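Everything on this sheet refers to the single structure shown next.
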Amino acid sequence: MAAPLLHTRLPGDAAASSSAVKTLGASRTGISNMRALENDFFSSPPRKTVRFGGTVTEVLLKYKKGETNDFELLKNQLLDPDIKDDQIISWLLEFRSSVMYLTKDFEQLISIILRLPWLKSQTVVEEYLAFLANLVSAQTVFLRPCLGMIASHFVPPRVIIKEGDVDVSDSDDEDDNLPANFDTCHRALQIIARYVPSTPWFLMPILVEKFPFVRKSERTLECYVHNLLRISVYFPTLRHEILELIIEKLLKLDVNASRQDIEDAEETATQTCGGTDSTEGLFNMDEDEETEHETKAGPERLDQMVHPVAECLDILMSLVLSYMKDVCYVDGQVDNGKTKDLYRDLINIFDKLLLSTHASCHVQFFMFYLCSFKLGFAEAFLEHLWKKLQDPSNPAIIRQAAGNYIGSFLARAKFIPLITVRSCLDLLVNWLHIYLNNQDSGTKAFCDVALHGPFYSACQAVFYTFVFRHKQLLSGNLKEGLRYLQSLNFEWIVMSQLNPLKICLPSVVNFFAAITNKYQLVFCYTIIERNNRQMLPVIRSTAGGDSVQTCTNPLDTFFPFDPCVLKRSKKFIDPIYQVWEDMSAEELQEFKKPMRKEIVEDEDDDFLKGEVPQNDTVIGITPSSFDAHFRSPSSSVGSPPVLYMQPSPL
């Protein structure tokens, strides 16, 4: 029986759909009626058999004998751009009765038939589907061309206007029948699969090959991805490969649209065009017409991204997130079995593509969103990352990335309860203590990222999580909360010879120092000052001569769940996302007190003064400055040459 098709979001619709996986609607022939109709076509005799002095069969047999005149006439008739529906139907009926003669010798003829404009009247569609079924069942050599033809219809047709040899217009055809045409193509795939069970195996390479170039229009990419996701529903064996293909393409977009570039584009557009697309108005001479257009499309335009790559990425990301919800939710409730299956697919893709990708900003949010469906999946994700981090057989870059993900996930996932946060902190801190114990008598017990990268990454995950969650950890019974934090023994970590305060991102270190200082958990400022004095400048050659720089990110820090700035995707993420909580006026005053010029060597005195050292590496501790300085650095010193590090041309 044909599987149901997916309706996540109709390409071109303004609003993102939250519909579940639905069966074929009344707009299409029902499954049982479809089969009955197919059987009628398969058994019906040709209505017209005479062409050019004989049947198609006779023409084909003559061609094999070397008589090509009738064959050439046949091809010319099929290539007629003004061919009528009745003519198409008549030819298809004859070809069905001659399908046994359509061997590989007639590959050119089949290619012409596959280019016929068959997505027209319902009668033409039904006859064409019957022909495809007969052809692939009798001549499997033509299975790939048939599948390729169908896949080529998963994007809007192009409208090309020429003046001489020059294309003056090349755009998507806004055909109202496009959704129905997509439905028909999916139906065609299912019919073919019924006669050739190996269809999915042959289909996947074709879907990869037909994936539009990422510089194609957003609508073209949206339609193709939409149709790939629908295929994954009725060909579930292809789901993993389809999702991997989509996410791989999203990554190529993501690494070419940094968060900073996106925000800069939005800010520039707001300043210059009052928040509208900066390209609009350049060719609109009629102000009244422009105003009317804006009024009609106002809600849609509010979701548009100014940055063109971000706009495409946002559309596709929201489509994937909507698909995930459609798959996992049944009647408004999470289906554990379906969600578990999807989690297995996505965690494998995450390991293969995301964990080794340094420059992605948004694609990884598919894991964030999936984990929000049920706590068990969030805990499974954390356990998976933990195993990656503490496994010495993994490359250091993978272990460090796992640490980055743990810290960012614990800090930003609003759906993770405090008990899970505490359990993860216990696990991380205990591992750090064991690591330090093992270094005490070793020859490598000194500060070096190359030697202890995973250790520093775990330290930063702890510091980062603590900064975000300290209010929750101390809420309720303050004395009990302090007792718990004291049991973590931050002092041993901070005072160790490995000196994590020197390696971790300065913004993280300074917030950690300020908060632990306030609650007398550990006193960091003397170490910070000593580290600052020991920080050696690095001389780098530039186009304008040598320049002196200080490496402020030796750990190559990356916070994968920094705030999402894609407008459509944010609607999925914001309800489950932990933003930085504003500090009270009293806290601000305490944290912002300037330190005296003299370096305070006594940490007890430093704590009593409640001061934060003011130097080049310390940021202002205000709610407005937090997210800006606490994000992944826009560029990192010593970044490893991992996948997608260098933006590739789209």
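Glycine too: its Cβ is placed from the backbone N, Cα and C atoms.
According to Swiss-Prot, the compositional bias 'Low complexity' annotation covers 632-642.
According to Swiss-Prot, the feature phosphoserine maps to Ser169 (among others).
Feature annotation from Swiss-Prot assigns phosphoserine to Ser171 (among others); the stated evidence is similarity to another entry.
Swiss-Prot lists Thr199 with the feature phosphothreonine, giving similarity to another entry as the kind of evidence. DSSP assigns Thr199 (phosphothreonine) to a helix in the three-state reduction. Every protein chain considered, the tally of other Cβ atoms within 10 Å of the Cβ of Thr199 (phosphothreonine) stands at 19.
Taken from Swiss-Prot, the feature phosphoserine covers Ser639 (among others), and the record attributes it to similarity to another entry.
The region 'Interaction with POLR1F' feature in Swiss-Prot is assigned to 499-650; the stated evidence is similarity to another entry.
Annotation source Swiss-Prot lists region 'Interaction with EIF3L' at 556-650, citing similarity to another entry. Looking at the region 'Interaction with EIF3L' (556-650) alone, the prediction's average pLDDT is 55.
Residues or ranges marked as region 'Disordered' in Swiss-Prot: 630-650.
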